[in-house]
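*Asks:* Take a look at the following structure, please.
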């Protein structure tokens, strides 16, 4: 079996908003990596045994006395090190160089003139017409290195940053003031490939096929002949988890699909058809709509709704699990960003804006072992594995759907009438986006039910019915987003269809709020 963890990169996080992008790029190259906080111990690094180390950017200033520093062992481990932005600055400071606050801060696009073609910049040039090689990069820094550590040379400059890149080839230490991990840096992926493959010597074994092989073997090794229970929602994470488990243990997997009445139009039937009929999984469908809606009566505060939905789900799942007395393991679709966010919250550095629908987990008394086959994977990797396992691309690439479902897309108190109207309106919106070839041009699109009525006219009659809002956004990382500029004729067609085909809706509006200041979901 291929050892997919044999070569691996350790990324030390100094707090940059782009740090997870570094990890995703390294994985995209085909090499395993992990993301750890900057203050790890020498013992932890030795135990991980990285093939190379990357120091991320960060919001702090190396000119401040108590700013974060890389563990000294990083520079004594005998492996290549790449410092990015703040990572380059702390490398310079810790190895005897000097940094200062810059008079000319650089934020945005910049052109770096390469001064030497070391191994990091091998074969890189974004401007073939210039006499010297240049790179088109993305800068985001206020400090700069002003004196090199001993043994280093300048490998890149900009008009306002005389040391935009540096290297000590003998020790295989490299620093870049720009961000190769973002797509704005034209040859960023090639630069990271030069480091990970060319300099560190990593083999590209982190592929979907190898991951599936290893995950299936690990599941068999972990659970043996025991039975496993999984809450299957039909979302990407739980779906891929189900297929990995099914491949490993077959009928010993029991999937529980809780139909909470807060799903999209016909979604429950689609889940049963896909996983029961097509893939042959053991699925128990629990029709719990009344139970959820009863629990949500009178609750209009968004966070209280989320908590209630989460609690009822646990109660329903608990009731079903008690019927499966031979089950010894609980499977969850935890992915790597969940692990990172959980670790961050334990340090006290994370601020809860909206609670995650899985927070709290199952009751302690259930005493089940935990199986998390996706724990090492980013979402894009989960999709690639799902595709390799036979899931249709249109399902894997659907827009995100919140864990509480329509519970956070019906504003205020949730009622069955509201959910039914919203389901129909949303289905029309999505159908028309597909028809107009706009669905994959936007990052997320959905309809929101507003608990207000508006006067309308249908034929010769007056109507006084509900209002819905259409929402479509464009984003790269969902941390910030722009509202999508859908064509007016498309919006008009969607509005006309909803008002004419959904009895009970008299007005359709379009949300033109960006994030920030608004969030993508309304609740």
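Placement of Cβ uses the backbone N, Cα and C atoms for every residue, glycine included.
Predicted, not measured: the structure shown is a model, and the values here were computed from it.
Residues or ranges marked as active site, nucleophile in Swiss-Prot (evidence: sequence analysis): 85. Residues annotated as active site in Swiss-Prot: 179, 181. Under the heading ATP binding site, Swiss-Prot lists 233, 234, 235, 236, 237, 238, 239. Here Swiss-Prot flags 8-205 as domain 'Glutamine amidotransferase type-1'. Per Swiss-Prot, domain 'GMPS ATP-PPase' is recorded for 206-398, and the stated evidence type is sequence analysis.
Tell me about the surroundings of these features in the structure.
*Replies:* All protein chains considered, the CB of residue 85 (active site, nucleophile) has 26 other CB atoms within 10 Å. Secondary structure at residue 85 (active site, nucleophile), taken from DSSP and collapsed to helix, strand or coil, is coil.
For residue 179 (active site), applying a Cβ distance below 8 Å and a minimum sequence separation of six or more within one chain yields 18, 57, 84, 85, 137, 138, 139, 140, 185, 188. A coil conformation is recorded for residue 179 (active site) in the three-state DSSP classification, outside any helix or strand.
Same-chain residues at least 6 positions away in sequence with a Cβ under 8 Å from that of residue 181 (active site) are, in sequence order, 18, 21, 22, 24, 25, 84, 188, 192.
Annotation for residue 236 (ATP binding site): spatial neighbours 379, 382, 383, 386, 395, 396, 398, criterion Cβ-Cβ under 8 Å with sequence separation of six or more.
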*Asks:* What other residues of this chain sit with their CB within 8 A of the center of the CB atoms of 233, 234, 235, 236, 237, 238, 239, the recorded ATP site?
*Replies:* 232, 240, 241, 242, 333
*Asks:* Including all protein chains displayed, how many Cβ atoms other than that of residue 239 (ATP binding site) lie within 10 Å of its Cβ?
*Replies:* 24
*Asks:* Using the structure shown, find which entry in 234, 235 (the binding-site residues) has the sparsest Cβ neighbourhood within 10 Å.
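*Replies:* Among the binding-site residues 234, 235, the lowest count of other Cβ atoms within 10 Å belongs to 235.
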*Asks:* Helix, strand or coil for residue 239 (ATP binding site)? Use DSSP.
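*Replies:* Looking at the DSSP assignment, residue 239 (ATP binding site) belongs to a helix.
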*Asks:* So what sits near residue 233 (ATP binding site) in its own chain, CB-to-CB under 8 Å and at least six residues off in sequence?
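*Replies:* For residue 233 (ATP binding site), the qualifying residues are 239, 257, 258, 271, 403.
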